[in-house]
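Read through the structure below, which is laid out as structure tokens, and then see the notes.
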Amino acid sequence: MKSSPKTFAVKSFGCQMNVYDGDRMAELMAAQGLTPADAADADLVVLNTCHIREKATEKVYSDIGRIRKDAGKQGRAPMIAIAGCVAQAEGAEIVRRAKVDVVVGPQAYHNLPDLVAKAARGEAALDTDMPVETKFGHLPARRRVPPSAFLTVQEGCDKFCTYCVVPYTRGAEVSRPWGAIVDEAQALVDAGAREITLLGQNVNAWTGTDARGRDGGLDALIRELDTVLGLARIRYTTSHPNDMTQKLIDAHADVEKLMPFLHLPVQAGSDRILKAMNRSHSRDSYLRILDRVRAARPDIALSGDFIVGFPGETDADFAETLSLVDAVGYAQAFSFKYSPRPGTPAAGMDDQIAPEVMDDRLQRLQAALNRDQSAFNAGVVGRTCDVLIERKGKLPGQMLGKSPWLQSVHLITDAGVGDMVEVDIVRADPNSLAGMERVKIAA
Ligand code: SAH
Ligand code: SF4
Ligand code: F3S
């Protein structure tokens, strides 16, 4: 039995939806009167976990061990709560293997305070339900948020790509109601947000009904958010190619606040592999979507996700991934070695690929992606753009922010966090752009 915690820390791993959930859990615990602390000193440590690849999952167990060991040296035994996708996938197993105090799934974390109270009484505290009534209605209002804020509008996935755990850990596709999203967007802006990134595992599958009873998709929601005063930028992620409607593409042409950036994972360039992955788009249908996106917004920055070494992937299949990369010219991308996940169809497929083959393919893919990212960044040098200032830089007077194309920009300026500054991009460094603030000439 442990006494009720007075301080807490939340550590999030994985995707942006987990970052959003982690922030909401922190707000929830703060509303209960607990004080935020460093993970090294907190009475309650919430690990908000990711199950997407084996490494991510194993990290949870090593983290639990480290937290206990470090606290043990100070004679403390903090309460440990496991939240997120590993909690959902392996709840009872974690309790058995690591003897944690609380396990709470991604759809149940509004119950975290109750679970913590139960654990403090020495009772079992595990909740991995996926209730019909959503967690969102039970979360406290936002008080203060950074200039760039996340807003989850959609959760879950019905796509069942054969390698992926998300449909099992996050459940079926659900859209949050229109009104709740608009209200939260307004609350975020009132609390200091200038940019909102709409989040969903399949964000472009979002649908809703507006106040006048009209049904609409993500494009309609974006057009409504375009009218929110004080909101300067809208982004959304992650999209699935099959839900990339022409209406959403059109929004990129004429909604000024919608930033010229699209993260559209493709995973592989070979139709045979895409089919085995159950991606339900082909190489060609994917490339045709990007043609339409570029027609709507010629300067758009494209981003993607890739998996190398899916079972059965041959050298010829992989060559098609490289040629797709050449054809697209991504501004940035994420690439991973295939990781077999328990319970997914691909984990049982023949022809699993040897680790050294995966290593080699990943290196070659990343070299191509880095080359294109550098070229994209170099292409922005000489342009003038708005930069949303997000935080202080390392040098005196230096501030860091983001370009419309989601690149990090550093500049010397008097502007503060949350300001939008007009900047000439003067140089592309390996991980960021150097900018110079435009001098405003008084009228
Ligand atoms: N909903 C998004 C992505 C969700 S997961 C989509 O449809 O693309 C984020 C990325 O992790 C995926 O795009 C994929 O590239 C990668 N990923 C998912 N499962 C994986 C696995 N078993 N092994 C390696 N990478 C994986
Ligand atoms: Fe996973 Fe595929 Fe769903 Fe993305 S679309 S979350 S990769 S199953
Ligand atoms: Fe990981 Fe779950 Fe997100 S598995 S990527 S935290 S949806």
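Cβ atoms here come from the backbone N, Cα and C positions, even for glycine.
Automatic prediction, not curation, is the source of TrEMBL annotations.
These come from TrEMBL:
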DOMAIN    6-121  domain 'MTTase N-terminal'
BINDING   Cys15, Cys50, Cys85  [4Fe-4S] cluster 1 binding site
DOMAIN    143-375  domain 'Radical SAM core'
BINDING   Cys157, Cys161, Cys164  [4Fe-4S] cluster 2 binding site
DOMAIN    378-439  domain 'TRAM'
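Everything TrEMBL records as a feature, shown here on the structure.
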| residue | record | DSSP (3 states) |
| --- | --- | --- |
| Cys15 | [4Fe-4S] cluster 1 binding site | coil |
| Cys50 | [4Fe-4S] cluster 1 binding site | coil |
| Cys85 | [4Fe-4S] cluster 1 binding site | helix |
| Cys157 | [4Fe-4S] cluster 2 binding site | coil |
| Cys164 | [4Fe-4S] cluster 2 binding site | coil |
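Selection of the binding-site residues Cys157, Cys161, Cys164 by a Cβ distance under 6 Å from ligand 3 yields an empty set. Rounded to a whole number, the distance between the Cα atoms of Cys157 ([4Fe-4S] cluster 2 binding site) and Cys15 ([4Fe-4S] cluster 1 binding site) is 14 Å.
Among the binding-site residues Cys15, Cys50, Cys85, not one has its Cβ under 6 Å from an atom of ligand 2. Residues near Cys161 ([4Fe-4S] cluster 2 binding site) in space but far in sequence (CB under 8 A, at least 6 apart, same chain), listed by position: Gln267, Met277, Asn278, Arg279. For the pair Cys164 ([4Fe-4S] cluster 2 binding site) and Cys85 ([4Fe-4S] cluster 1 binding site), the Cα-Cα distance reads 12 Å. Long-range C-beta contacts of Cys50 ([4Fe-4S] cluster 1 binding site), restricted to its own chain and to partners at least six residues apart, with a cutoff below 8 Å, comprise Phe13, Gly14, Cys15, Asn18, Ala56, Thr57, Gly84, Cys85, Val86.
Taking the Cβ of Cys85 ([4Fe-4S] cluster 1 binding site) as centre and 10 Å as the limit, one finds 27 other Cβ atoms among all the protein chains shown. The DSSP breakdown of the domain 'TRAM' (378-439) into helical (H, G, I), extended (E, B) and coil residues amounts to 3 helix, 33 strand, 26 coil. Counting Cβ atoms from all protein chains shown, Cys15 ([4Fe-4S] cluster 1 binding site) has 19 others lying within 10 Å of its own Cβ.
A Cβ distance below 6 Å to any atom of ligand 1 is met, among the binding-site residues Cys50, Cys85, Cys164, by Cys164. Taking Cβ-Cβ distances under 8 Å and a sequence gap of 6 or more within the same chain, the neighbours of Cys157 ([4Fe-4S] cluster 2 binding site) are Cys164, Val166, Pro167, Arg170, Ala172, Glu173, Gln201, Asn202. Listed in sequence order, the residues Phe13, Gly14, Met17, Asn18, Thr49, His51, Ile52, Ala56, Gly84, Val166, Thr169 complete the 8 Å Cβ shell around the [4Fe-4S] cluster 1 site centroid, once Cys15, Cys50, Cys85 themselves are left out. Here the domain 'MTTase N-terminal' (6-121) is broken down by DSSP into helix, strand and coil counts: 63 helix, 22 strand, 31 coil.
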